[in-house]
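Peer 1: I'd like to ask some things about the structure below.
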Amino acid sequence: MAKLRVSYEYTEAEDKSIRLGLFLIVSGILSLFIFGFCWLSPALQDLQATAANCTVLSVQQIGEVFECTFTCGTDCRGTSQYPCVQVYVNNSESNSRALLHSDQHQLLTNPKCSYIPPCKRENQKNSESVMNWQQYWKDEIGSQPFTCYFNQHQRPEDVLLQRTHDEIALLHCFLWPVVAFVVGVLIVVLTICAKSLAVKAEAMKKRKFS
């Protein structure tokens, strides 16, 4: 009976296989939770945006300045300021006035402005970046129609110039955690089943020769 108990013990290779399977299962579950809570909501809002044609109504600075954070090395950080420019457009789908934003991230970071420049240490460089962007919309785009994206149910008063996420990125972010979970389950189940079959075969052999 003692020998039969010993035969149920897993070998070092089997133990490593089960540990690997459990690691993949836990990693897959944690990845799904992380993506679900931290990334899924803004991504779905972005993907729910409908494409439309927009034309510029006005481009202007509103006289307010906002802070941004710049980096100047590994342990070097600071804040500087940039002026707020607003680009109002006409949305062809709803035929209404809306504030243009670069993308979903910019909208969530500063919903009052249309553009956030790459943050530099000098305020003057930030102002120049905003001015160049403002002139681009005034002179080069003007009244030309362009593609924009809006979500009538979430933020009908805002439109996006581009989407940050697409369906392929969303698929990959959920595909690989699920694959890791399934592979982990298969490794654990197959290892346990293989061990169980080996133990049964050993028991049958002992009964046969006893």
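Placement of Cβ uses the backbone N, Cα and C atoms for every residue, glycine included.
The topological domain 'Cytoplasmic' annotation in Swiss-Prot covers 1-19, 189-210, and the record cites sequence analysis as its basis. What Swiss-Prot lists as transmembrane segment is 20-40, 168-188. Marked as topological domain 'Extracellular' by Swiss-Prot: 41-167. The N-linked glycosylation site feature in Swiss-Prot is assigned to Asn53, Asn90.
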Peer 1: By a simple count, how many Cβ atoms lie within 10 Å of the Cβ of Asn90 (N-linked glycosylation site), its own Cβ left out?
Peer 2: 19
Peer 1: Suppose we draw a 10 Å sphere around the Cβ of Asn53 (N-linked glycosylation site). How many other Cβ atoms does it contain, all chains included?
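Peer 2: 13, counting other Cβ atoms within 10 Å of Asn53 (N-linked glycosylation site).
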Peer 1: If one measures from the C-alpha of Asn53 (N-linked glycosylation site) to the C-alpha of Asn90 (N-linked glycosylation site), what distance in angstrom results, rounded to a whole number?
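Peer 2: With the alpha carbons as reference points, the distance is 8 Å.
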